[in-house]
Amino acid sequence: MALFVRLLALALALALGPAATLTGPAKSPYQLVLQHSRLRGRQHGPNVCAVQKVIGTNRKYFTNCKQWYQRKICGKSTVISYECCPGYEKVPGEKGCPAALPLSNLYETLGVVGSTTTQLYTDRTEKLRPEMEGPGSFTIFAPSNEAWSSLPAEVLDSLVSNVNIELLNALRYHMVNRRVLTDDLKHGMTLTSMYQNSNIQIHHYPNGIVTVNCARLLKADHHATNGVVHLIDKVISTITNNIQQIIEIEDTFETLRAAVAASGLNTMLEGNGQYTLLAPTNEAFEKIPTETLNRILGDPEALRDLLNNHILKSAMCAEAIVAGLSVETLEGTTLEVGCSGDMLTINGKAIISNKDILATNGVIHYIDELLIPDSAKTLFELAAESDVSTAIDLFRQAGLGAHLSGSERLTLLAPLNSVFKDGTPPINAHTRNLLRNHIIKDQLASKYLYHGQTLETLGGKKLRVFVYRNSLCIENSCIAAHDKRGRYGTLFTMDRVLTPPMGTVMDVLKADNRFSMLVAAIQSAGLTETLTREGAYTVFAPTNEAFRALPPKEQTNLKTAKELANILKYHIGDEILVSGGIGALVRLKSLQGDKLEVSLKNNVVSVNKEPVAEPDIMATNGVVHVITSVLQPPFNRPQERGDELADSALEIFKQASAFSRVRCLLAPVYQKLLERMKH
């Protein structure tokens, strides 16, 4: 196996060309994407790279595996073209790009890589061209021709009107006084530029995108005799303010400024680090109800959670987003960041109005909608985003709204809307009490619930927790979705209306006229005490009609106390199994000793393939499922009894066959057993 792995690795290395080695240092994400592009382009000749171009634009990307198959960038279709990989060129009459580009100085290399405008502006300064042509070792992040042409006219005019100060300084800011290749460009690092030692921010993302002050590297690692050239898609400028200072000077952040000051986060936002602030504008704050805004602004913990939900743990430039990805906020929630064409999206919404405002400690994107985390919401606000609106209306109508919007530590058990597809119950004393028993007097998390735990409700009931292999239930109702944990309350979405237990199993059976014959049978068999005391039972309760429908011979069997007890114990499981905990099939051990096969298909519960007429009548010591037939234990079925005896005898005979002398002794016994079964 180890030899096979080594051979496979060697084959891959040969297929990918000399760039792939078995023992070399790990490649950077950029180099891995370039390697994949080279692999996809190799059929067109040596040193050919596959490039994806977004249709209708000039945007090009080296392709990774996912993008290759999806053929999309930011949701927009792409076409594949094949170009010379960086550092190579075509030769007339030859396939692919067999020739390495001739090495020349930095100034000449600018023209080769498609940055002739940078070359032109270098000429206009008096000092820079000799420096680029002379000895030394430099790195230049050279804006493409399109990058220069996209500058606002007033910015470009100010540069070219003062070439030996403004233009020279701008060009020097794009340079580093040493050779830096893409493998040296680490995520979150800063490089010291040749303009007043000002910092340049580098980010190298897992998808292979590399940004320089949020400008994307288009083509990298073009070697020169005195350095290296990286082509970028923007003209970059110096960064002077931190995130907090930008918040302070921008009028559109007036409300955010007050919120940050009240939360105490200003110290972090003006300190060291690399953050992304999704900065809500004044307009974003105005969109939420005044009552909600005032509540959050007046609650330091909720306010801090709100603001932390707008801060990412690392700097995320817009150019790094080419498809959807999940990012974690300082609050601990996950946001889905994506793109649609030129627009960035948050959780599928195009709410970013201004992007890539650089700060010394990160990047700011303006957003026009507040991202309120669950941890800053009331139970009412949590429910508004869940499929439980019908239940919430019932709580309001029942006068329980204050519990769902206040500061009590509670857990709300809210049934799904689908539970009420046939209508809602009228609001009366019974309904109010039932709804109060859907509110637990503590703020819970489902991951900490355990089997047998009891929970106290506002209605004074004690509810039990049942943990099954694939479900977590509270009494007859099971949790149908992930928790939503709010500021004070937690929302559990439940799959049905919860019915608290109303007495023991015997109390339940005695209170229902359908079970009068079953109650009499239990009393005759001496099982009353069992079903009255504390315990955990699942009772499949035959109705009176089930007993009347029994054949005469089976009715006769019930007249013997021992036989009656045997049959009734077969209807009682030795643990509590509600319908939501069944899954596909559960083999439940009965008090009689044999196992019951309990299954769920198309929302119908069956026991031994007999359908249950009504499941989940809860009792303090168990659960009752109503059935319309009397279950027969295996040994009460003549055919099955004979089959089992025959199987046992046959098994004994087979085991004995290995020992010929013992076999001779046991053969007559085996024959007599068979003869007795025939009679």
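Cβ coordinates come from backbone N, Cα and C, glycine included.
Per TrEMBL, the feature signal peptide maps to 1-21.
Residues or ranges marked as domain 'EMI' by TrEMBL: 45-99.
Taken from TrEMBL, the feature domain 'FAS1' applies to 103-236 (among others).
The domain 'FAS1' (240-371): residue composition by secondary structure is 49 helix, 39 strand, 44 coil, according to DSSP. TrEMBL lists 240-371 (among others) with the feature domain 'FAS1'.
Positions annotated as domain 'FAS1' by TrEMBL: 375-498 (among others).
Residues or ranges marked as domain 'FAS1' in TrEMBL: 502-631 (among others).
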Considering every residue in the domain 'FAS1' (240-371), what is the mean pLDDT value? 94
Across the domain 'FAS1' (502-631), DSSP labelling yields 42 helix, 41 strand, 47 coil
